[in-house]
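For A:9-26, A:46-64, A:71-92, A:98-117, A:124-144, A:164-187, A:217-240, A:246-263, A:275-295, A:301-322, the entry in TrEMBL reads transmembrane segment.
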Amino acid sequence: MRNLDRQTVFLALINIIVLLTGGWIAGANFLDSYNLQIMASQVPELGLLALGVALAMISGNGGIDLSGIALANLSGITAFLIASQLIAPAAAPMAFSWSFAAIALCVGLTGGLLNGFMIAFTGLTPLIATLGTQLLFTGIAVWLTNGSSVSLGYIPPLDDFGNLPVLGVPLCFALFVIIAGALGYLLRCTPFGVRLMLLGSNEKAARYGGVPVRRMIVLTYTICGLLASVAGVVIAARAGSVKWDYGSSYVLIAILIAVLGGVKPEGGYGRILCVLLAATALQILSSLFNFLGISNFFRDLAWGVLLLALLASARVNLSLWLRPMR
Amino acid sequence: MTETSLPIPLFTRLRALTGRRPELFTLGLILLTVLGVAIANPNFLAMNNVFDILRASVVRGIFAMGVLVVLAAGGIDVSFTAIAAFVMYALTMLVHNVFPAMPLWVILPLAGLGGAAFGVVNGLLIHSLRAPSLIVTIGTQYIIRSALLTFVGTALFMNLPASMEAFGKASLWTWTGESGVISSLPATVLVLVGAAFATWFLLERTLMGRAIFASGGNPDIAARLGFNLLHIRLFVFGWAGLLAGIAGIVHVASNRLANPFDLAGMELEIIAAVVLGGARITGGSGTVTGTLLGVLLITLVSNVLVFVGIPSTLQLAIIGIFILLAGTIFALRSRS
Amino acid sequence: MLSQPATPAPPPFLEIRNLRKSFGGVQALKDVSLTLEAGQIYHLMGENGCGKSTLIKIVSGAQLASAGQILIDGMPTGTLAGDLGAIGALKAGIETVYQDLSLLPNLSVAENVALTGQLVAAGGRLARRLQRAALFDTAAQALKQVHLPGDMAFLTRRTDSLPLASRQLVAIARAIAARARLVIMDEPTTALTRQEVENLLLVVRRLLDQGVTVLFVTHKLDEVKSLGGEAIIMRDGEIVAHRPVATTSKAAISQLMTGREISEARYRTGSVTGAPLLEVSGLSQPRAFHDLSLSLAAGEILGVTGLLDSGRNELALALAGVRPAASGRIELDGQTIWPKTPGEAIAAGIGYVPEDRLTEGLFLEKPIRENVTLPVLDRLKNTFGMISPRRARALAEAQIAGLQVVAPDVGAPVQSLSGGNQQRVLIGRWLTINPRLLILHGPTVGVDVGSKDTIFRIIQRLAGEGMAVLIISDDLPELLQNCDRILVMRQGAIAASYDAASTDEDRLYQTMASGSAAAPAREVTA
Amino acid sequence: QDKQSITTVVKITGEGWFVRMDEGVKAFDAARENIDAVQVGPAQADAAQQARIIEDLVAKGVSAIAVVPMDPSALEGVLRRAQSRGIKVIAHEGDSIVNADVDIEAFDNAAFGRKINEGLAGCMGGEGKWTSFVGSLGSLTHVIWADAGAESAAANHPGMELVAAKNESFNDANKAYEKAKEILRAYPDIKGFQGSSAIDVIGIGRAVEEAGLIGKVCVYGLGLPKDTGPYLESGAVNQIYFWDPKDAGFVMNVVAEKVLNGEEIADGADLGVPGYTAVKVSKGPGNGIIIQGQAWVEVGKDGYKDYPF
Ligand SMILES: Nc1ncnc2c1ncn2[C@@H]1O[C@H](COP(=O)(O)OP(=O)(O)OP(=O)(O)O)[C@@H](O)[C@H]1O
Ligand SMILES: Nc1ncnc2c1ncn2[C@@H]1O[C@H](COP(=O)(O)OP(=O)(O)OP(=O)(O)O)[C@@H](O)[C@H]1O
Ligand SMILES: [Mg+2]
Ligand SMILES: [Mg+2]
């Protein structure tokens with residue numbers, strides 16, 4: 001128990017330290033409310049995908065979701081193509097936005113179900129299954145758009161959702177936090193979450209203990225798909241356009257965030273709050289680098305080092321040094 | 001229960017055979033694909049096509065040999081493309097700037113050495129951090145690639161050393177089609193043959209090979225039986241790095257340019273090829289023959305779509321479906 | 001220590017001096033000293049968690065000692081035993097057959113048997129040619145000594161495709177192939193049927209004849225008696241006694257191990273009170289069992305035994321919904337049920353304690369609380385659909401108190417408990433659903449006499465409360481001590497049914513092992 | 001008074017093209033005491049990363065952003081927010097962008113496409129099969145060049161037959177090579193290639209060289225002198241077309257400075273940079289304007305050594 005708290009505190013501290021260091025060396029602009037809002041509104045795309053990866057990892061059995069960003073893009077593209085057929089965005093922007101979101105969620109649900117079924121019923125390892133669906137989703141997106149990006153145009157409600165702060169908090173960030181909160185609640189406090197953790201810790205024992213393993217796996221990856229489609233809506237809202245290869249660098253970054261957040265890649269353990277804190281820490285760090293005009297290559301280097309350092313910190317036994325000398 | 005001595009049905013026997021020799025299944029898929037494409041477009045069986053597919057398989061194949069060894073030992077490596085990029089770019093620059101006359105037989109071993117050094121660091125980290133190799137190599141991939149781009153260089157590099165230029169152009173056999181188009185079997189194929197043979201020898205004829213499969217089957221037990229896990233990991237990732245370094249140079253030589261942005265994002269596709277060749281992603285199995293077939297299969301599928309007349313916008317989706325279907329059949333087969 | 005010869009003689013084969021080992025705060029070994037002579041058999045005995053496995057791991061180089069010395073032929077192997085390392089121990093001729101056998105599942109029989117020899121010859125260095133011809137030769141010879149086939153088909157089989165008994169023998173063949181001077185066996189007989197145990201004991205005797213020293217770890221006193229030699233008894237990380245087996249009674253050994261008296265008497269005191277609860281008729285599963293019928297009343301304890309391939313395990317799995325049968329009829333309390341998943345069995349009121357608690361039963365790194373409350377999570381929800389932490393804790397605490405589990409806190413991970421306590425946590429899980437029928441599959445495998453005693457008392461209490469209990473086990477004394485009736489299965493059918501009070505091990509065993517031609521000794525219909 | 005800051009955001013850091021552009025930005029920075037001009041860009045060719053960088057610049061509060069968009073439509077949102085915070089937005093190679101004050105094109109894209117195709121047609125003698133390559137179908141300018149080339153061929157050279165148009169090379173020389181091989185296989189009698197991405201001609205050139213078709217097949221297209229050099233030497237690539245990214249980088253900053261100072265840029269204005277001495281100004285898709293220069297350069301085997309990039 002104490003161990004868990006240590007990690008949360010550690011990540012929270014990183015957030016605060018980076019933020020303060022930023023304010024100190026990058027100037028007051030870094031800490032003003034506008035920049036905080038910008039950083040907050042940048043977190044959800046990646047954060048949602050990282051939550052999906054975390055969930056897949058927790059379910060165990062080599063769980064991972066490589067198809068997240070591909071599904072997010074496909075959701076956005078399909079939703080736009082269908083919704084703009086049904087409703088003219090300019091005429092009824094609100095109705096358009098809602099139907100856009102609804103269709104995107106349906107696509108995410110379908111894609112997640114496909115992942116879940118592939119993994120639960122064919123015995124395909126998640127890595128290969130989601131690699132296959134990643135290509136499939138990307139491929140469909142390319143086919144639908146002929147490879148070019150699709151511009152949504154300026155649709156006020158969507159744009160507001162992506163960028164407008166309400167009471168100082170960007171809407172999409174608020175949604176992200178709410179989703180993360182719900183997910184955290186689901187994992188920690190509900191029978192589903194406890195079963196998922198147990199399933200990830202020992203699949204056979206979970207089956208013998210009456211956990212409906214396949215249903216759980218399908219459900220888990222469906223949630224991952226839904227998270228991806230929400231990310232798709234956020235992307236569409238913020239970029240004002242959708243394209244098949246948007247965020248192609250996100251696949252590995254999402255895994256990075258999940259692992260930085262302390263999710264055990266072998267399954268059975270992970271905390272949503274930590275994943276959230278890892279996502280914000282990475283965001284603040286990367287914004288800081290942009291503020292300082294530090295090369296983006298160097299930022300990637302820093303992330304790699306951070307990941308290894310975090311893995312190493314789990315290996316270092318602090319009590320070894322804290323023990324008084326004999 | 002006593003087994004009845006009824007003649008075993010053909011299907012069951014076939015299944016038992018592919019259970020023992022999963023690469024036969026891969027071979028079957030290849031034959032099916034070739035047959036399908038040849039029916040759709042008989043031109044496909046022309047010699048220049050065979051050469052082209054071989055040529056396109058070389059770099060993938062060399063990488064895949066390294067990945068096979070890592071998978072067999074129960075690990076996953078996604079940093080090898082970054083290692084290859086680093087080695088190929090840094091070494092090409094070094095040779096060009098300092099020893100422009102360096103012959104190929106020095107360059108290739110140097111590349112191997114450089115790659116192996118990175119790989120050994122991977123192995124060391126995985127062993128000492130006791131973390132899953134997928135995660136550790138994601139970290140090192142970031143570090144290696146961005147170190148290359150931050151500290152070594154980012155620009156496309158066209159002035160290859162003469163020996164590499166010649167190696168890229170060398171051909172084992174040239175064939176002139178009726179239209180006067182020349183196609184040639186590149187000499188780089190020899191590197192793949194060498195890498196495959198060395199990997200086969202290593203896996204099947206040395207104690208290290210057995211140790212690799214042993215640690216892939218169950219590392220704790222292997223350690224108890226006296227196999228030194230640290231040595232195995234250092235070797236396995238070192239081997240993957242070595243082959244990656246060599247593959248990088250082959251890539252540069254045959255492309256006749258060194259682009260530090262190249263090869264990124266290829267890693268998962270190569271892992272998929274090895275898995276389609278019958279190696280389990282959970283470790284402890286896999287063969288060189290199967291891996292070569294897996295690479296051939298992936299190259300084939302990504303190269304024949306034009307021949308069948310599938311528009312290029314559908315290619316990604318088709319390859320995805322193919323991986324899902326083949327993977328599923330594989331998974332179902334090995335489960336029964 | 002105790003058996004040190006008085007006159008100066010050649011140094012003992014193996015001497016352990018003042019060995020200590022601690023894990024964090026736990027002192028697993030406290031100052032252990034021990035001498036082993038060549039060609040002798042030693043039995044290492046003691047309750048769960050007394051430090052047997054730790055001692056073995058240190059001697060075989062799998063773990064480092066905190067302090068102490070190990071000498072082989074009078075020569076120190078380093079200040080700390082762990083300096084030996086796995087390969088060092090193998091070189092010194094120490095072979096260990098661990099509880100889990102330590103076979104490499106994906107390698108062939110030949111490789112499992114003979115690879116170690118080549119590895120030791122190479123001094124652990126891996127950059128060596130694999131001697132393929134020698135590999136097969138050595139393996140074939142070693143396998144012959146344990147009565148396994150040495151033909152190519154068997155040599156090239158993957159070990160994970162072998163039955164358990166053969167795997168046990170393959171592991172011993174490995175020790176033979178490596179020309180071990182000391183063979184350590186950690187609970188080698190837990191999963192074997194009696195026939196297989198006999199076979200194993202035969203092999204052990206032959207090893208002794210060849211001058212090999214054997215260190216045998218077991219909880220089964222009968223085997224100790226049958227093999228003779230010396231008993232080394234541990235309690236709480238210390239050696240408390242070292243005496244010849246021949247002159248020490250079973251009761252005395254038990255008492256030395258536990259520090260209290262354990263009765264050998266029958267635990268079953270109650271009698272069947274209720275009406276028939278479980279009615280199974282015509283249950284069949286191809287290649288496992290066919291046309292099984294049995295009935296079990298509330299408050300009754302029914303034992304089922306048989307050889308490994310008799311279908312008893314499959315019967316357990318079919319009733320528990322893990323691997324449903326193909327045809328037949330199961331009635332529980334007048335209702336026809338057909339559990340296709342463990343979940344459905346649980347819903348019908350069937351609890352199943354699986355055979356292998358580590359891989360099939362427990363979530364080792366998870367707290368006791370979650371291990372116990374898994375089947376009833378839905379019942380612990382409050383109005384917000386949230387598991388009430390208070391209720392979960394209270395339930396888990398009630399269960400472990402009822403089963404006398406020794407644990408610091410229900411938040412402690414299960415892996416911090418000893419084997420007997422782990423088993424009780426697992427039983428506690430099923431008691432949360434108040435099952436009508438509790439199926440116990442090998443309830444005391446790898447559990448020491450003290451914990452066994454506790455578990456048996458719990459079983460009796462449950463039956464007394466009206467639960468129907470089905471014990472599937474090959475530990476015949478356990479069945480005789482606890483059951484009302486014992487069904488003996490053979491080749492997928494029920495060969496006989498005995499009244500437990502009036503039968504004995506020999507008769508049960510004969511029924512189990514006799515060929516299908518021999519008629520059962522006496523049929524008792526319930 | 002605060003120094004003004006102009007940040008140029010490119011598609012990807014480190015590529016030869018943008019390294020050369022950086023020289024222009026640096027030159028501008030050195031030339032202006034009171035202006036800080038720097039160039040940044042993402043590490044991966046990913047529109048998302050580019051958008052993030054711009055957002056951070058907006059938060060940082062730079063005076064002007066000059067951007068070479070990876071995917072113009074993916075930047076509309078963030079550029080609108082930049083403008084609403086009073087930041088001036090200059091684009092280059094993005095004449096479809098609505099939320100920009102100025103878009104600078106080195107030339108009239110359609111004219112550039114026609115020009116390349118004219119060269120190709122001359123080499124082919126106005127007869128035979130030819131095909132075109134684009135970096136990706138999403139690259140607007142590439143598509144314009146390829147389409148304009150196709151129109152020009154259709155209008156002026158009825159003997160030229162366009163086959164398998166607009167092959168995607170994904171800005172990867174190896175992919176361009178493999179595509180070109182496929183084309184050579186599928187159309188053994190092909191006579192000409194028109195490339196759009198700077199590396200297209202490298203890949204095509206290699207395929208042509210290996211097939212022993214130097215002199216039989218014409219290769220024309222966008223290219224960088226230094227990178228394409230070996231193929232120009234061997235004759236596998238006949239002629240390359242480009243504009244100097246250094247000048248483009250410089251002129252973007254010049255325009256940004258003018259916009260910051262509130263200066264009007266009229267039709268025919270002289271921006272003081274070669275190729276941009278008499279620019280054409282037209283209205284953009286949004287409230288901004290589009291500036292067009294005549295900054296193209298065309299070199300073959302003989303002239304490429306004059307350009308050190
Ligand atoms: N790796 C470890 N970390 C912490 N404690 C350990 C570890 N291994 C053993 N222990 C503790 O050391 C003590 C001795 O354990 P050991 O496994 O040697 O017992 P054992 O006599 O073999 O028991 P059993 O009969 O159940 O096999 C126990 O209290 C156990 O909990
Ligand atoms: N020295 C030997 N004595 C007896 N049988 C052997 C010996 N060497 C190999 N065999 C068996 O003969 C069969 C064929 O051997 P081969 O050398 O072709 O190995 P393989 O595993 O089939 O091939 P590869 O190593 O190429 O995958 C196998 O079943 C192998 O186990
Ligand atoms: Mg033990
Ligand atoms: Mg200046």
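Every residue, even glycine, has its Cβ placed from backbone N, Cα and C.
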Intrachain residues whose Cβ lies under 8 Å of the transmembrane segment (A:124-144), provided they are six or more past its termini: 56, 61-67, 70-71, 73-74, 77-78, 81, 111, 114-115, 118, 244-245, 251
For the transmembrane segment (A:217-240), distant same-chain residues with Cβ under 8 A (at least six beyond the ends): 41, 44-46, 48-49, 51-53, 55-56, 58-59, 63, 65, 67-69, 71-76, 79-80, 100-101, 104-105, 107-117, 119-120, 151-155, 158-159, 161-163, 172, 175-176, 179, 183, 192, 196, 246-247
Long-range environment of the transmembrane segment (A:164-187) - Cβ separation under 8 angstroms, sequence gap at least 6: 33, 37, 40-41, 43-44, 47-48, 51, 55, 58, 193, 196-197, 223, 227, 230, 234, 237-238, 270-273, 275-276
Intrachain neighbours beyond the transmembrane segment (A:9-26), with Cβ under 8 angstroms and 6 or more residues off its ends: 260-262, 274, 277-278, 280-281, 284-285, 287-288, 291-292
Same-chain residues near the transmembrane segment (A:246-263), Cβ under 8 Å, at least 6 residues beyond its ends: 7, 11, 45-47, 49-50, 52-54, 57-58, 64, 66, 68-69, 72-73, 134, 149, 235, 239, 269-271, 274-279, 281-282, 303, 306-307, 310-311
